[in-house]
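**Student:** TrEMBL lists these features:
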| type | residues | note |
| --- | --- | --- |
| DOMAIN | 41-290 | domain 'G-protein coupled receptors family 1 profile' |
| TRANSMEM | 26-47 | transmembrane segment |
| TRANSMEM | 59-78 | transmembrane segment |
| TRANSMEM | 98-120 | transmembrane segment |
| TRANSMEM | 132-158 | transmembrane segment |
| TRANSMEM | 197-216 | transmembrane segment |
| TRANSMEM | 237-260 | transmembrane segment |
| TRANSMEM | 272-292 | transmembrane segment |
């Protein structure tokens, strides 16, 4: 197919979830509510971590960074969708689309890397408790987060540069509520083989690497917990990583579910609906998982609100 003048694309059309006008207020209200809950919930985790000196530990330092990333992650996609519904316009400029994809890659990879770093933190705390504070000193914690940011930014920059090389056809309708990379690539007239190879390689390396690290860490953690003689000791050791394990299961489980649903069906709107799970629902539930299952966070929140919780 000849791209013709399609290399100078000015804007795309985001189709969203439904074209039914009667459903737009419902979709707007639902996503606005979830977005506000996500921002407020994660912001409370950050404020509680900063305000309570008992939470000035590596685990909560990484948790506050994860909460900040989740706010940014959700803010990359949802506000634009809400504006489009409110203004009844579905357009997004070419520059905004590439920018949205870039930030989406940054924050989804940061989630991925930070979950792996948090698993490593739990591995050291449970398997090497005597050396934990020596290894996980503030300088190392800051360095680990910095490396996560650098790797995520480099990956996002690579993916964005690859997208800029594509030429697009006349059909510029994206059957999604944001500029999802795979959906945008399908609109290209030029050869996408190299883009796909880079994406698959990055997914295996940057997605599979942290996941392998998480699985290895938890294999060692389980082995160490089983070696503890008392049941109370085993429960106490496991309770320190239960919240993290729940978030890991939610993040990778929903991500895998989106991948399977995208592969099993050609209905792009079904894929968009499934994407809500890891782009909106997971960041929204993370604060609840940590606050409901963690006594330290609940105590910090009570202090933050003057004992009213």
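Glycine too: its Cβ is placed from the backbone N, Cα and C atoms.
Predicted, not measured: the structure shown is a model, and the values here were computed from it.
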**Student:** With a cut-off of 8 Å between Cβ atoms, can you find at least three pairs linking the transmembrane segment (59-78) to the transmembrane segment (197-216)? Only pairs 6 or more residues apart in sequence count.
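**Tutor:** Between the transmembrane segment (59-78) and the transmembrane segment (197-216), contact is absent.
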**Student:** Where else in the chain does the transmembrane segment (26-47) make close Cβ contacts, counting only residues six or more beyond its ends and a cut-off under 8 Å?
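**Tutor:** Apart from its flanks, the transmembrane segment (26-47) reaches 16-18, 63-64, 67-68, 70-71, 74-75, 78-79, 81-82, 85-86, 280-281, 283-284, 286-288, 290-291, 297, 301, 304.
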**Student:** So what pLDDT does the domain 'G-protein coupled receptors family 1 profile' (41-290) average out to?
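**Tutor:** Averaged over the domain 'G-protein coupled receptors family 1 profile' (41-290), per-residue pLDDT gives 88.
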**Student:** Are there residues at least 6 beyond the ends of the transmembrane segment (197-216) whose Cβ is under 8 Å from a Cβ of it, and what are they?
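**Tutor:** That would be 109, 112-113, 115-116, 119-120, 151, 155, 158-159, 162, 181, 248, 252.
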